[in-house]
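Since the structure comes first, as structure tokens, the remarks are kept for the end.
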Amino acid sequence: MTPAQIERFFAILQAANPHPETELEYGSAFELLVAVLLSAQATDAGVNKATRILFPLARTPQQMLDLGLERLEAAIKTIGLYHSKARHLLQTCRILVDEHGGQVPRTRAALEALPGVGRKTANVVLNVAFGEPTMAVDTHIFRVSNRTGLAPGKTPLAVEQKLLERVPPHYLLHAHHWLILHGRYVCQARKPRCWECAVAHLCDWPDKTPAPSKTT
DNA sequence: ATCCCGAGGG
DNA sequence: CCCTCTGGAT
């Protein structure tokens, strides 16, 4: 995509959704961190179902530690990877209490030092909780960036760096959510809905999937 | 490169 | 049945 096409790409996504937000449910920076940590290889809907059970039981790092591994696992069991997520979350809470006064740290280095928190999760927290123009490249953004030709790359980090170069600064703060929502609802992994895609005319992908016929 | 790992959709 | 879901640690 040319710079002019990229500008149009985001202008169209912005027009369709002027104020995009995460679909994860949270009421504090800590709850956001927990929700994003739990969201690895899980759907937002599934994470919300679990945190509706978990957060009333524990809304702070100390409360999470008091809850304990058994009850934490029970609360999040419907998500995949629950054993390692529960263990990492408690290790993270221990560090938050001991080293950060129970607060969520605001630097990439401190965030990535938390067990279960990698580059993508740190980028989401920096963007959503602290308003920094980071680009968290998840499965949706990786797919959309490569499929459309917006920012092709072999690894999530390569795509992230290319997006930071190519996305106009004006769109950078919300580009993350526009791309996620586009990937989740239109540019889907298995069956992209090209026939109802507002940016299909800017897309490199050769297979412009036709609309399903109505079998009349 | 492999493991983790349940729910939902096709 | 198979694939996918806002990945990270080993």
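Counting begins at 1 with the first residue displayed.
Placement of Cβ uses the backbone N, Cα and C atoms for every residue, glycine included.
TrEMBL: automatically predicted annotations, no manual curation.
The annotation domain 'HhH-GPD' is assigned in TrEMBL to A:38-185. Annotation comment: TrEMBL describes A:C187, A:C194, A:C197, A:C203 as [4Fe-4S] cluster binding site.
In the shown protein chains, 17 other C-beta atoms lie within 10 A of the C-beta of A:C194 ([4Fe-4S] cluster binding site). Within the same chain, the residues at least 6 positions away from A:C187 ([4Fe-4S] cluster binding site) whose Cβ sits under 8 Å from its Cβ are A:H140, A:R143, A:V144, A:R147, A:T148, A:R193, A:C197, listed in sequence order. Helix, strand and coil counts under DSSP for the domain 'HhH-GPD' (A:38-185) come to 101 helix, 0 strand, 47 coil.
When pLDDT values are averaged over the domain 'HhH-GPD' (A:38-185), the model yields 98. If you take the C-beta of A:C203 ([4Fe-4S] cluster binding site) and look for same-chain residues 6 or more apart in sequence within under 8 angstroms, you find A:R147, A:T148, A:G149, A:C194, A:C197.
A:C197 ([4Fe-4S] cluster binding site): 19 other CB atoms within 10 A of its CB, across all protein chains.
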